[in-house]
Amino acid sequence: MFSGIKGPNPSDLKGPELRILIVHARWNLQAIEPLVKGAVETMIEKHDVKLENIDIESVPGSWELPQGIRASIARNTYDAVIGIGVLIKGSTMHFEYISEAVVHGLMRVGLDSGVPVILGLLTVLNEEQALYRAGLNGGHNHGNDWGSAAVEMGLKALY
C-alpha cells in the first residue's frame, strides 16, 4: 500500500448509480492491464460501483485516447471516464509530443463534453517505472487512485 504524503487522501464516497467508462491504450499492455484492473476493483470494492455500470473499451495507442473517449461519450451516457495509457520515453522527442498532446486532448474532451475525464496516463522513463506504478514489483497501483477520482468527479457532475 502507498505510504507518504504524496497522493490523494482516501475517499469513502459511494457511487452505485454511476456509469463509468474506461478507455485504455493497447500499447504496453503488461502495465495497462493491472492499471485497468486496479481502477475497476477500487470502484467496485471501495465505492460500490456496479460492475455492469463499468464499460471498458480500447484504442490502438495513447494518442487515440481523446478521440476514442469523445466518440464513446457521444454514443452513450457516462458520469465519468478514465483514459488509461502508458508512455515510455525513448531516444527521440516522440514521447514529449505524444504526452503533451494526450494530456491536453483529454482535458479538452472533458471540458467540452461536461463529462469528467480522469487522466490515467503514466509518463515514465523506462519499463521498470511503468510496472512499479502499475502496482507490480512492490509499487503502488495508480489505477486505484484513478478509480476513486472517477467516482468523486462523477458524483460532482451528477449532483
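Quick reminder: no glycine exception, Cβ is built from N, Cα and C everywhere.
Annotated active site, proton donor per Swiss-Prot: His94, in sequence order, evidence recorded as sequence analysis. The 5-amino-6-(D-ribitylamino)uracil binding site feature in Swiss-Prot is assigned to Trp27, Ser62, Trp63, Glu64, Val86, Leu87, Ile88, Leu119. As annotated by Swiss-Prot, (2S)-2-hydroxy-3-oxobutyl phosphate binding site applies to Ser91, Thr92, Arg133, with the evidence given as a curator's inference.
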Next on the checklist: If I restrict to non-local contacts, at least six residues apart, and a C-beta distance under 8 angstroms, what lies near Ile88 (5-amino-6-(D-ribitylamino)uracil binding site) in its own chain?
Outcome noted: Asn28, Phe95, Val124, Leu125, Asn126, Glu127, Ala130
Checklist outcome for this item: Counting across all protein chains, other CB atoms within 10 angstroms of the CB of Ser91 ((2S)-2-hydroxy-3-oxobutyl phosphate binding site) number 6
Item to check | Among Ser62, Thr92, the one of these binding-site residues whose Cβ has the fewest neighbouring Cβ atoms within 10 Å | outcome: Thr92
Checklist entry - How far is it from Glu64 (5-amino-6-(D-ribitylamino)uracil binding site) to the residue listed as 'active site, proton donor', counting Cα to Cα, in Å? => result 15
Checklist entry - Cα of Trp63 (5-amino-6-(D-ribitylamino)uracil binding site) to Cα of His94 (active site, proton donor): how many Å, rounded? => result 11
Item to check | Candidates Thr92, His94, Arg133 (recorded positions) - the one closest to Val86 (5-amino-6-(D-ribitylamino)uracil binding site) by CA | outcome: Arg133
Checklist entry - Reduced to three states, what secondary structure does DSSP give Thr92 ((2S)-2-hydroxy-3-oxobutyl phosphate binding site)? => result coil
Checklist entry - Which residues does Leu119 (5-amino-6-(D-ribitylamino)uracil binding site) neighbour through Cβ under 8 Å, counting only same-chain ones at least six apart? => result Gly83, Val103, Leu106, Met107, Trp146
Checklist entry - Of His94, Arg133, which of the recorded positions has the most Cβ neighbours inside 10 Å? => result Arg133
Item to check | Farthest-apart CA atoms of Ser91, Thr92, Arg133, residues recorded for (2S)-2-hydroxy-3-oxobutyl phosphate, distance in Å | outcome: 23
Next on the checklist: Just checking a number: largest C-alpha distance across Trp27, Ser62, Trp63, Glu64, Val86, Leu87, Ile88, Leu119 for the 5-amino-6-(D-ribitylamino)uracil site, rounded to a whole Å.
Outcome noted: 16
Next on the checklist: Let me spell it out: for each of the binding-site residues (Val86, Leu87), count the other Cβ atoms within 10 Å of that residue's Cβ, using every protein chain shown. Which one has the most?
Outcome noted: Val86
Next on the checklist: To the nearest Å, how far is the Cα of Thr92 ((2S)-2-hydroxy-3-oxobutyl phosphate binding site) from the Cα of Ser62 (5-amino-6-(D-ribitylamino)uracil binding site)?
Outcome noted: 17
Next on the checklist: Let me check the 10 A CB neighbour count of Trp63 (5-amino-6-(D-ribitylamino)uracil binding site). How many other CB atoms are there?
Outcome noted: 19
